[in-house]
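Enquirer: Structure incoming, see below.
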């Protein structure tokens, strides 16, 4: 069947009534069976979509970039079984895959920390030797110091390189997980959140999580600082049980300051992150609508909007910077007071002969080591606070309640290559499990019904989730007969496009049901249903790739030959204008197809839909951007 609307019409043409480029596909067998001949539904290997490079000849294929199907399936399954998008247990699970490298990192960390902590001790011995109180030759002592200075940077490089490799791989997987979790959200989610906000989750918010390690693997921050603090305190208590408590007081004071700082900066960090997302959203919205801005002279208005956001962002950033600098300054004051106490008490003990000069020199060296380590730890905790705020923001946006269970189930099933095991009750509380999961049908029955059965909308009521008080459809009864063309006529706003969105399953009816050959379409997961429906929207969207790749997207999981692309383009009356383009089918269309006219974009979208050759074809306002004589 096919569905189309234009200004006041919705046209639905069943597959058996329209001339097709290809013979109707036979009823699909179980796509998970190894005997199934079609590549598109054979999911035992990674699925394929369109290629990222032009196809040079008619025999060449538009093929997909490779996909780690097992990892993708695990990510989708994790998304629907976890209430939060990012959990520390999940991060630890990703880290645990790199046990060997983590072991190397820990060994290198211990080694470089040992070298660092040995330096003040050998400095004290050096001064003891200079004043004639040393117990070993000067050349031997200098050789040991030279060895420490050589080994410390080597171990540091080993630590930094391995930590960087581990964390980059973890962040790449986390970024993929977040992207996949966004993709399986309900349409309501995309109605509620702007594009800039969602892209901000993948860039600035995840960037904050990335920086907690990448910016804190230097000598005086992160794990290195923590290990030096612990090691220094242990050595100080070994050298002098009377002077060590002075530096212990330093640690207690700094801890109190950090706790106060943590409590005072939580709202500021959240505000800072929200404003950052709003700035990104404002810029992306302006740039994507630049033609509208130009045509209405809206530059001044957009500049004003952006400047207001930038000003608020600057104020929030300044406040955050003042809080951080105040915390750092107070920390330094505590450090300097502790140093003065050490000089006074230590100097008196040296004069009284109760403490050697070498030990005092070592103590001073360890004090500076501890000072830098404590300062680094404070800065790391500040970064951690920003990271926790970002993680909280990601989890608050990507709530589990907005996950589309039916889509997630179908996608995970495909990627995993088998029926999902629901013995752990992952779907028990989901809407699919609650209403339909026990009755989910196979793709073969979905295909059979879609090719041969009528579509019936029975007592359908619907309100858009964000406008629940406005009922768009009120008890609609509509039968779309297989083998006939059906047109729905009505004024603008009558609900024609709403019917299209319900048939495409962007949304589900508030009440009533939609059936195909008597089966409620909700008994099929949305991935299965997407194979039997092909849609051309009122304002078709093209990807910023070539013309051929955009048409090939009609079969995103297939390898599509250029001959098939040309065949679909000719049927959509698009071939002539495509071959007149500079690179023909390999011509890039620009962002959202901006380098093409509206009619050209629509014809490419129609070709994409025809290539899919689905039993149900939906054409929403299919002629709105086509000139007379250009209709398919």
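Here the Cβ of each residue, glycine as well, is placed from N, Cα and C on the backbone.
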Enquirer: Quick check on the annotations: TrEMBL lists transmembrane segment for one of 38-63, 64-89, 142-167. Which range is it?
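Expert: It is 142-167 that TrEMBL describes as transmembrane segment.
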Enquirer: When you get a sec, could you say which of 269-290, 291-312, 357-378, 379-400 is annotated transmembrane segment by TrEMBL?
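Expert: Based on what TrEMBL states, transmembrane segment spans 357-378.
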Enquirer: Looking at 329-345, 414-430, 431-447, 448-464, which one does TrEMBL call transmembrane segment?
Expert: 329-345
Enquirer: Looking at the ranges 229-261, 493-525, which is given as transmembrane segment in TrEMBL?
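Expert: From TrEMBL, the annotated transmembrane segment range turns out to be 229-261.
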Enquirer: Please compute the mean pLDDT of the model over the domain 'ABC transporter' (455-632).
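Expert: 83, rounded to a whole number.
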